[in-house]
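Have a look at the structure below before the remarks.
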Amino acid sequence: MWRGGATTAFVARALRSRLLLDPIHHPVTSLAPISSARTSSSSTSSTAAANTIVEEAAVAAAVSVSQHTGSISDALRHYGKCYRELSKVRLSALVVATSGAGYVLGSGNIVDIAGLCCTCAGTMMVAASANTLNQLPPQNNSVFSLINNNAYFQVFEIKNDAKMKRTMRRPLPSGRISPAHAAMWATSVGVAGTALLAWKANGLAAGLAASNLVLYAFVYTPLKQIHPVNTWVGAIVGAIPPLLGWAAASTELSLNAMILPAALYYWQIPHFMALAYLCRNDYLAGGYRMFSFADPTGKRTAWVSLRNCLYMLPLGLFAYNWGLTSEWFSFEASLLTLGLTIGSLSFVLKPSPKTARRMFYGSLLYLPAFMAGLLLHRLPNEQKAHNLAEKSELDGVLYGADLQDKERATQKRQDRNPSSMQSRPPVAYASVAPFPFLPVPIYDS
């Protein structure tokens with residue numbers, strides 16, 4: 001920017017020095033007799049030189065502006081790509097989808113589109129902040145030392161991600177962005193997302209978002225290098241966004257709000273068990289403690305996956321019995337869960353990368369199909385409809401009470417000041433019939 005401005009200023013000074021003559025060294029000679037031919041040739045040459053200088057100045061200015069514009073666009077493109085990779089857009093989009101599904105399930109007969117959009121936007125910002133902080137593991141591996149040292153935003157190490165093939169090209173391990181910059185980005189979007197949820201939704205939704213952010217960044221992230229229980233803690237983190245959406249729509253949590261969170265919790269176990277089995281060499285190189293490390297044969301990992309698939313079998317029936325969906329969903333959900341269970345059973349019978357990959361891909365297909373069935377066969381939230389009916393009834397009662405109070409106040413004012421009431425003449429109903437011979441009465445106004 002400064003280089004381009006200096007170039008433009010230099011060109012302008014050169015142009016001015018060549019076009020404007022110095023009055024000391026070039027005195028005015030217009031009074032001297034000069035021949036017309038010499039005057040014509042000198043004026044032509046000076047005009048050509050001036051045009052050339054103007055063209056050079058325009059070219060130089062255009063080059064400087066294009067360089068300046070190019071540098072800005074390159075910076076925006078670079079940091080935009082870094083922010084997108086830090087936020088893990090695809091994973092954040094999945095979190096937003098589950099939160100939006102919870103919002104729709106928690107709504108009544110009519111879904112508030114503006115509220116849905118605000119909830120999804122706030123969830124997206126909080127998820128981007130959590131995913132960024134997840135890539136900034138603290139120097140100490142202990143949660144308690146992290147809290148005692150007050151090192152929430154100390155200098156973060158990125159050696160673990162740099163050792164893994166799956167994560168070494170991320171912005172922090174590759175050095176494309178500094179840890180301080182990434183921490184500032186995570187803080188700003190996290191605060192903005194929580195504030196948006198508190199403003200446009202309610203305090204319960206904002207509290208769930210903030211607690212999930214803390215649980216993911218400051219409990220799950222350090223646990224990845226401490227104990228294999230991090231998988232189950234991460235499953236709790238993944239089950240909270242549907243509750244967030246439900247709370248944003250209905251301002252409360254009920255028993256039927258737990259169907260989609262329970263499905264997400266149990267679904268994440270076989271999904272990540274398959275992933276940990278396929279990438280255990282990478283996780284071992286990165287220093288992460290996964291359940292599959294103590295299971296060289298893969299049998300225990302496969303049995304854990306199968307057990308959690310079996311836990312999902314009655315969820316469709318519960319959704320129907322609790323009035324969340326129609327009876328068709330119970331049948332469809334049972335078929336979907338049965339397919340995923342068969343995949344996990346094949347992993348149990350023959351633990352291998354092929355069967356683990358098959359179960360992993362089956363889990364990728366299961367979740368969107370389950371959520372689509374929930375939304376397709378959902379029944380309106382009766383509790384919210386009942387609350388809305390009670391609210392409208394209460395509003396009607398309050399409105400009637402206000403009208404009665406106004407009428408009483410008006411009557412009291414009239415009783416206190418009877419002279420203010422305008423007297424009206426009586427109406428002569430019998431002025432014509434049945435006695436037409438009587439004169440029509442005349443009253444003073």
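Glycine residues also receive a Cβ, built from the backbone N, Cα and C atoms like all the rest.
What TrEMBL says about a protein is an automatic prediction, not a curated fact.
So that you can see what the record holds, here are the features copied from TrEMBL:
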TRANSMEM  177-198  transmembrane segment
TRANSMEM  204-223  transmembrane segment
TRANSMEM  230-249  transmembrane segment
TRANSMEM  255-279  transmembrane segment
TRANSMEM  300-322  transmembrane segment
TRANSMEM  328-348  transmembrane segment
COMPBIAS  407-416  compositional bias 'Basic and acidic residues'
REGION    407-427  region 'Disordered'
Please list, for the compositional bias 'Basic and acidic residues' (407-416), how many residues fall into helix, strand and coil according to DSSP. 10 helix, 0 strand, 0 coil
Among the ranges 204-223, 230-249, 328-348, the one whose Cβ pairs under 8 Å to the transmembrane segment (300-322) are most numerous: 328-348
When counting C-beta pairs under 8 angstroms to the transmembrane segment (177-198), the leading stretch of 204-223, 255-279, 328-348 is 204-223
